[in-house]
């Protein structure tokens, strides 16, 4: 049986690479089953599972919170997002970054710097926790 | 023995200082490894991303993405500046600023407006003092394991401004981790991509083989394909998505490089601080012993003199 090389990578780590008989992923327009010699294709992924069927019928499952799927006749590449991404989440992050800069410019004294830094740290931790929780919810 | 006591307390405080610098040195030494592992872990993604972007950029679509078209009139440029949050890392940040400042001044002399996005506390502090530079976004306190979601905000600010025509070129400034002893302050073009490819070729000795970390290296934009992808849902959406992710991965890599550089620079700085402290302690001990000797000699001669007088 012919196989197709499958690479699943995220920005922070390599998740899987090996030979597969079939790769099933949730594309933006629906489920895709990729077998060897598939036509070149590129699509965005929806949050969901990626099933890799190995030679011998063994299945491996991975969860991705989005990303890009690139297919070439001999290679499937999944560029997985590590974070939960959505347009309004990204927009909120951008607003935060802008505000942080404005705050940094507005407050010039050292004492305020420290308070600012602590507030930012607390804020960042809260955001991280929220994202973590969101990701857990998505998984279940 | 008044001088002796003073010297002794100086020795004591220098010893305490050496303890601190030693500890910092060892902490950084262990963190370098972790930072390097992070760099290594993020490489497959960058490699895969580079491949996909190279393919997508040359695939024959009639859609032209702003990131792929170079604008002829440059009215505003953006810099994404990656620095550390904390100091005590030698000249790491100041070396970067020293390279950056002439570049910024050169743009300003040409009447080009410069916008800056700061990643790291030191960059925020620096650009707050610099006149004529517009700080449009910042993020700080990324910690020991920077996550890509911490960078999404600042990157989006830049990309949105660029797409809206508010920026004509974007550069990325960070410290490239060469090895533990060497960190190279680097300013690289980020978008548009043709500019990146052009600057790559212009800079001699910086080929893809020598710069395995740089995701764009080896990206040849004139290469064409006789096939094209099937795009789902359509070329414009996918291209936009891919290019955004690509820029994110490049900036993320730069942050990791800078993190490794930070620890390496701190380790070296703290090592030389410890060595200097040891030297100072040696000198102080010598002068302490001399002072003690002098005091004893004086005491003896006083006793002898006193005895002779009686």
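Please read every residue number as a count from 1 along the shown chain.
Backbone N, Cα and C define each Cβ position, glycine as well.
All TrEMBL annotations are machine predictions without curation.
Bear in mind that the values here come from a model prediction, so they are computed numbers and not experimental data.
When the ranges A:39-86, A:87-134 are checked against TrEMBL, the one recorded as coiled coil is A:87-134. The DSSP breakdown of the domain 'ATP synthase F1 complex delta/epsilon subunit N-terminal' (A:5-83) into helical (H, G, I), extended (E, B) and coil residues amounts to 0 helix, 53 strand, 26 coil. The average pLDDT computed over the coiled coil (A:87-134) stands at 71.
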